[in-house]
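Student: Right, I'll just put the structure down here and ask away after.
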Amino acid sequence: MSRSIVRQSKFRHVFGQPVKTEQGYDDIRVSKVTWDSSFCAVNPKFLAVIVESSGGGAFLVLPLSKMGRLDKNHPLVTGHAGPVLDIDWCPHNDNILASGSEDCTAMVWQFPDQMGTRPISEPIVVLEGHSKRVGIITWHPTTRNILLTAGSDNLIIIWNVGTGEPLITMDDHPDLIYNVCWNRNGSLFCTTCKDRRLRVCDPRKREVVAERMAPHEGIRPMRAIFTRDGNLFTTGFTRMSQRELGLWDPTNFEEPIALLELDTSNGVLLPYYDPDTNMVYLCGKGDSSIRYFEITDEPPYVHYLSTFSSKEPQRGMGFMPKRGVDVSKCEIARLYKLHDKKCEPIAMTVPRKSDLFQDDLYPDTAGPDPALEPEEWLEGRDEDPILQSMRDGYVPPKSRELKVAKKNVLDSRPTTRRSMSSCDGSTNLPVSHCLSECLSVCLNVSLLQINQLPNTPPPAEL
């Protein structure tokens, strides 16, 4: 007597549920730029969306609580001179976001909890080092103020945002870079490239430590991400233009751990990974569905779970960090689907009858505190993310202001002659000191003019 064996998993019955219409974000003109980016970034405080704008690039930053129809007077972030291509929130400060643009620069912005009414055009730091457009932005997962940018000049630059200086530059890619992803502790990152190679790079050694030619045989763009176990999950195309996913061991690139064909479509599959549940969500641009899989140690290693389908195609997608989900509703992930004129949150939920906190669904997750400082990371130290419990839900961390301390300012900038330089605002002198110095200068000039008058005799007495 044969009996079918069903694989045991907590996530077999995960289902997606869009929020009610009034809990979405309407009247958002999503960007139409032709770039395979998600166009959306979200954290427990804010939603950021790249939008259409004239006269340069712009993106929109909304507090998550500001749902419904967008106010026409809501300010845009308009500092870039060209279309914005990618945005990413800092994992260690929910008020800081980085953006990359066609104007060859990356910018770092800091937003107050209460947004004003005027357009925001002044970033806290501008990162200039690329000669072509900057299409990829990603923060280091465990180290404070470390940002990676990749551009169409095939360069990867790692910056210290706290000083505004480039720390590491890598030029190992001969063609356009499709995507970059750090591993869990930030010691390595993986890249996919137009030359059809998958690379694993060690930034501090400035070298490629592993490489695989054509993990997917098609010539269409690929994507790759690190899993929590150090393996690589990839999406790409077969030679017959069928979409495909793969799981690879970077220490042995000869054969894939798993390789699975999906369907025939043109949209690039963007993977979003949750290391706590070991689940990956695949969102194709132009698709109207979200597929999700679970990665395990048992064959076939990548297990299909289910598909969330809707009527409208997606223009982009945002993925909420785990510390921002609603634990009271057994929500294990939340995605923000971009339509042409709106953004729709989609909650991924595990059905449970109890209202109590579910320990098995919510292990400790990566918190907002950095584990390392930039100097420690450069010296070769590696630390896993500092974890926090999710039992109490989302607790806003204390807001910290990013202070940019430029090093060697006089060496890096040409000197300019300014009148009354002692009263320049950049010298950090008090106003009273400047006024007293100005008065003393005026008094000295007056005395000098008096001393230079010719000696005239006093008037004769009448």
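All positions are counted from 1 along the displayed chain.
Note that Cβ sites are derived from N, Cα and C of the backbone, with glycine treated the same way.
Any TrEMBL annotation is an automated prediction that lacks curation.
Sharing the record's features from TrEMBL:
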- 4-68: domain 'DUF1899' (DOMAIN)
- 77-110: repeat 'WD' (REPEAT)
- 127-169: repeat 'WD' (REPEAT)
Student: Quick one: mean pLDDT on the repeat 'WD' (127-169)?
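Tutor: For the repeat 'WD' (127-169), the model's average pLDDT rounds to 97.
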Student: Treating G and I as helix alongside H, and B as strand alongside E, what does DSSP give for the repeat 'WD' (127-169) in helix, strand and coil?
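Tutor: Per-class counts: 0 helix, 25 strand, 18 coil.
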Student: When the repeat 'WD' (77-110) is classified with DSSP, how many of its residues are helical, how many are strand and how many are coil?
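Tutor: Taking the repeat 'WD' (77-110) as a whole: 0 helix, 19 strand, 15 coil.
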Student: In the domain 'DUF1899' (4-68), how many residues does DSSP call helix, how many strand, and how many coil?
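Tutor: Looking at the domain 'DUF1899' (4-68) with DSSP, the answer is 3 helix, 23 strand, 39 coil.
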